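Asks: Below: one structure in structure tokens.
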Amino acid sequence: MIYVLVLEDQPVQRRRLVEILERADRGVCVLETDSIDSGLEISKNYPINLFFIDIELKDGSGLTFAEEIRKNPRYEFAWIIFITSYYEHMLRAFKRIHCYDYIIKPYEDEEIEKLTQKLLRSPQNNKVQEAFLTFEINGVFMRFYIKDIYFIEAMGKHCMIHAIHGQYLIKRMPLKNVLNMDSSSGLIQIHRSYIINPHRIKMVDCRFGSWMIYFEGYDKTAMVGFTFQNKMRKYLSLQEEL
């Protein structure tokens with residue numbers, strides 16, 4: 001799945017841009033928001049391939065947002081397209097943020113479509129999608145692609161990886177060390193003993209007080225800790241907006 005994030009605080013402009021992007025490539029999942037904080041949260045939970053960022057936002061500058069995501073190794077070279085009404089912003093955009101391009105309002109639909117199709121065909125997007133973590137198991141280094149992981153479970157000083165091709169015990173690897181390996185992996189912590197791949201979720205059962213997560217094609221479950229329930233609610237609310 002290819003993800004595009006639109007950060008635009010004008011509802012009409014945002015809706016128009018989303019519709020253009022969905023026409024440009026029907027295989028794209030377009031995420032949208034009107035605020036910097038929400039955009040940062042989305043970029044943590046989804047591997048964004050392409051950003052469309054309005055520079056003039058109600059809660060700050062799109063340039064500041066772009067500088068912040070550039071600190072994340074995943075997005076160091078991600079495609080960024082700025083949308084603005086003023087040319088004078090663009091020198092900073094190119095010098096400090098290394099954006100790919102910019103679009104001056106008002107713009108034509110065809111301009112957005114052509115640019116989007118060009119970038120989404122780039123081999124760079126395949127590189128972003130194949131994010132992975134590497135662990136040592138019995139003296140052998142194994143690569144686990146994020147898309148293949150259901151969840152990672154703490155087991156004392158060790159952890160267990162639950163993946164589509166089996167379960168793997170990683171010795172002397174506490175869960176906090178896994179979290180520190182790559183903050184841009186897209187995995188999220190939902191309990192002091194569980195990190196999950198949110199894209200593998202089938203359902204969240206909240207009926208009996210204790211929240212349990214079920215996964216597509218897997219019979220093991222993960223528990224959501226009480227202090228992590230708000231984080232889970234935010235993720236689920238984002239899903240409902242898609």
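Using N, Cα and C of the backbone, Cβ positions are placed for all residues, glycine too.
Just so you know, TrEMBL annotations never went through curation; they're auto-generated.
Worth saying up front: this structure is predicted, and the values here are computed from it rather than measured.
Feature annotation from TrEMBL assigns domain 'Response regulatory' to 3-120. Residues annotated as 4-aspartylphosphate in TrEMBL: Asp54. The domain 'HTH LytTR-type' annotation in TrEMBL covers 133-238.
Thinking about packing and proximity, how do these listed features fit into the structure?
Replies: On the 0 to 100 pLDDT scale, the domain 'Response regulatory' (3-120) averages 87 in this prediction.
In the three-state DSSP reading, Asp54 (4-aspartylphosphate) counts as strand.
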Asks: Once the chains shown are all counted, how many other Cβ atoms turn up within 10 Å of the Cβ of Asp54 (4-aspartylphosphate)?
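Replies: There are 24 such Cβ atoms around Asp54 (4-aspartylphosphate).
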